[in-house]
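Asks: Annotations per TrEMBL:
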- A:145-440: domain 'NADH:quinone oxidoreductase/Mrp antiporter transmembrane' (DOMAIN)
- A:12-35: transmembrane segment (TRANSMEM)
- A:42-63: transmembrane segment (TRANSMEM)
- A:90-112: transmembrane segment (TRANSMEM)
- A:124-143: transmembrane segment (TRANSMEM)
- A:149-169: transmembrane segment (TRANSMEM)
- A:181-203: transmembrane segment (TRANSMEM)
- A:223-244: transmembrane segment (TRANSMEM)
- A:251-276: transmembrane segment (TRANSMEM)
- A:296-315: transmembrane segment (TRANSMEM)
- A:357-376: transmembrane segment (TRANSMEM)
- A:388-406: transmembrane segment (TRANSMEM)
- A:426-446: transmembrane segment (TRANSMEM)
Amino acid sequence: MIDLLLDTAPRWALLHAPALLIMVPLFLAPLLAILPSGRLSWLISIAATVFSLFCALILVGQVQASPVGVVGYDVGNWPMPIGITLRVDALNSMILLLVAAIGVLSTIFSWPTVKAEIPERKHPLFYSAFLVCFAGLSGVAITGDAFNLFVFLEISSISTYVLVALGAGRDRRALPAAFNYLIMGTLGASFYIIGVGFLYSATGTLNIAQIAEMLPSLAGNRSVEAGFAFIIVGLGLKAAVWPLHQWLPNAYAYSPSFVTMFLSATATKVALYALIRFLFTVFRPEFAFEQATFTYLLMPLGLAAMITCSFQAVFQTDVRRTLAYSSVAQVGYMILGVSIGTVAGVSAGLFHLLNHAMIKGALFMAVAGVVLTFQGTTIRDFAGLGRTAPWTMTGFAIAGLSLIGVPLTAGFQSKLQLGYALFDQGMWWGVVFVVFSSFLAVIYMGRILEAIFFRPPINPRKSRKEAPILLLVPLWILALANIYFGITTELPLGLARDAAAAAFGLEAF
Amino acid sequence: MKSDHHVILRVITKTLIPVIVLFGLYVQFHGDFGPGGGFQAGVILAVAIILYALVFGVPSAMRAVPPAFTRSVAAVGVLLYAGVGFWALLQGGQYLEYQALFGEEPGGHHGQHVGIILIELGVLFGVSGAMLTIFYAFAGRVAEIRDEDW
């Protein structure tokens, strides 16, 4: 299918896909800011994200067809040490595909919820901020320059703060949540840039590929090690790695439902991509300090996230907060996979990253539907919805089962891969943690599902109130994807394996 | 308004503002060849209007330079910057490749000159528009609870 796309796509798209992928949304964003109509800006946002998806598919195809597995693009035709290069390999083409696909689905579903939750005169500005955020996230994933990565990280973060704060129309607590996120996010970005500064002082270049080339000869250099520490903490903050996740639950619980859905499926994933890029491509697992980081820092943190945040999720009364804590726990799974430090481990982590984006995307979409029709997000509000909104809630249930890891769902497959990767290294006790955390997931999802399907509705007169069709279609696409990829894992697992191989700088499997 | 005793302040401000704007434009166009450029010039231009707002009040500044206008200026700035990139693409170059703007051979400098001037103008618009928008957002904010009600 991708071959067909490569054959039929126009030449300009093939040549300039990396630049167009980020610049078209970034160009349309200011245009939306001066548009008067919200509906028009929604349609333009859909067009922009669809175009980015088209470019991302082209890039995936080009990377697979390329003999070295890398597609490069020199912005302004300035070659590497001077100019900023965009560099796409199997790892970031997978992330770009994920961001663009989620972007398309979420933009399509966004209109009814945005209309209900955001004041009308702010609609164009809202979509403008969304496109900036989208372009920023794609930019982080596509750039081959460490400083440019920081710039895109800030572009996406600053627009995210705005998007989160716009939840204030529904719940005033969105404002402190956004402020908290702003402080933590800025700290994370500053730590990252300090780390890049250290690397720059040691290597004299900002290009990721060049830094990676020079680092082995700088073994034992203190500023390289300090840079590593700063970058790990900075990106860890952005990716909500366990003790640095405090901004996440509130930001997810109080932002507009569309924003929650989009962020949960993309923002932490992109930060995690950057983390993997630095852990495996720039620094290498062979470095002694990195091996120590895996064993004594990342793995315990991943395990702690899986257990503590699952426990916290059990005790929440608000569905969105439950899902938010569960997100931190799922980041723990990915960190656990990464911290095994083998190709199989990274591929399991990335595979779970893809699956989790589908799971959380579907769950938050269904929650958005409930917010829209019943204006409530507590578990009590969900009582009996299985009867009043069967389609929405079945979609929710499928994704919920996938989150738990029931066989024949995508979530099961990613836990299976994680288990294989752990057993490979003889870490059978890691599997015990995975199973225990899944057991906690049974409890916190079970509480919600029990309320949905087995309790009487709190307001029995509200009968049959389904979410609008614009919301149901993307929801069911994601829910069916959860089942489809739970049965045949060829496509996402192939992407994840190639990506993990690319992260290590190896040829594809 | 009982602001007669601010008369010196007001007169000085009125004479200063054109000078500030002129200096901003100097920094802007000097940016091609030396220190300076769109970012600094944008801040200086915005400062001229912020100074006006501080001395004559935010409402009169908003009458002179309306918030909707500053927001559009910021958007137009980004459009201009990104637009130059797309222009280069349409001419068959890479994104933001100035050399390709007029399809010149290596050695021709026309595209380089025009490209950097347009880019710097975009930065000027973007920065001054954004600075003023941020200033208005903070200065024009009406407290939701009156001070006496605290």
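Going from the start of the chain as shown, residues are counted 1 onward.
Placed from the backbone N, Cα and C atoms, the Cβ positions cover glycine too.
Each of the listed features needs to be described in terms of its position in the shown structure.
Replies: Note on the transmembrane segment (A:42-63): residues 2-3, 5-6, 9, 13-14, 17-18, 20-22, 24-25, 28, 31-32, 35, 69-71, 88-90, 93-94, 96-97, 99-101, 103-104, 107-108, 110-111, 114, 123, 127, 130-131, 134, 138, 495 of its chain, located 6 or more positions outside it, place their CB under 8 angstroms from a CB of the stretch.
Same-chain residues lying 6 or more positions outside the transmembrane segment (A:90-112) and placing a CB less than 8 Å from one of its CB atoms are 21, 39, 42, 45-46, 49-50, 52-53, 55-57, 59-60, 63-64, 69, 71, 130, 134, 137-138, 141-142, 258, 261-262, 265-266, 269-270, 273, 276-277, 281, 350, 353-354, 357, 361, 365, 368, 372, 467-468, 470-471, 473-475, 477-478, 495-496, 498-503, 508.
Beyond its flanks by at least six residues, the transmembrane segment (A:124-143) meets 18, 21-23, 25-26, 28-30, 32-38, 40-42, 44-45, 48-49, 52, 56, 84-88, 92, 95-96, 99-100, 103, 107, 110, 114, 118, 149, 151-157, 159-160, 162-163, 166, 259, 262, 266-267, 270-271, 273-274 of its own chain at Cβ-Cβ distances under 8 Å.
Proximity of distant same-chain residues to the transmembrane segment (A:223-244), defined by a Cβ-Cβ separation under 8 Å and at least 6 residues beyond the stretch ends, is recorded for 153, 157, 184-185, 187-199, 201-202, 215, 267-268, 271-272, 274-275, 278-279, 283, 289-290, 293, 297-298, 301-302, 304-305, 308-309, 327-328, 331-332, 335.
Using a Cβ-Cβ cut-off under 8 Å and counting only residues 6 or more beyond its ends in the same chain, the transmembrane segment (A:296-315) has close neighbours at 232, 241-243, 245, 321-323, 325-326, 328-329, 331-336, 338-340, 430, 433-434, 436-437, 440-441, 443-444, 447.
Packing against the transmembrane segment (A:357-376) from elsewhere in the chain are residues 98, 102, 105-106, 109, 112-113, 116-117, 170, 257-258, 260-261, 264-266, 269, 319-320, 323, 327, 330, 382, 385, 389, 392-393, 395-396, 398-400, 402-403, 410-411, 462, 465-468, 471-472, 474-475, 478-479, 481-482, 485: each is 6 or more residues past its ends and has a CB under 8 Å from a CB in it.
Beyond the ends of the transmembrane segment (A:388-406), by six or more residues, the same chain brings 326, 330, 355, 358-360, 362-363, 365-367, 369-370, 373, 412, 414-415, 438, 441-442, 445, 448-449, 452-453, 457, 462-467, 471-472, 475-476, 478-480, 482-483, 486 to within a C-beta distance below 8 angstroms of the stretch.
Non-local neighbours of the transmembrane segment (A:426-446) in the same chain are 299, 303, 306-307, 310-311, 313-314, 316, 322, 326, 329, 332-333, 336, 340, 400-401, 403-405, 415, 418-419; each lies 6+ residues outside the stretch with a CB under 8 Å from one of its CB atoms.
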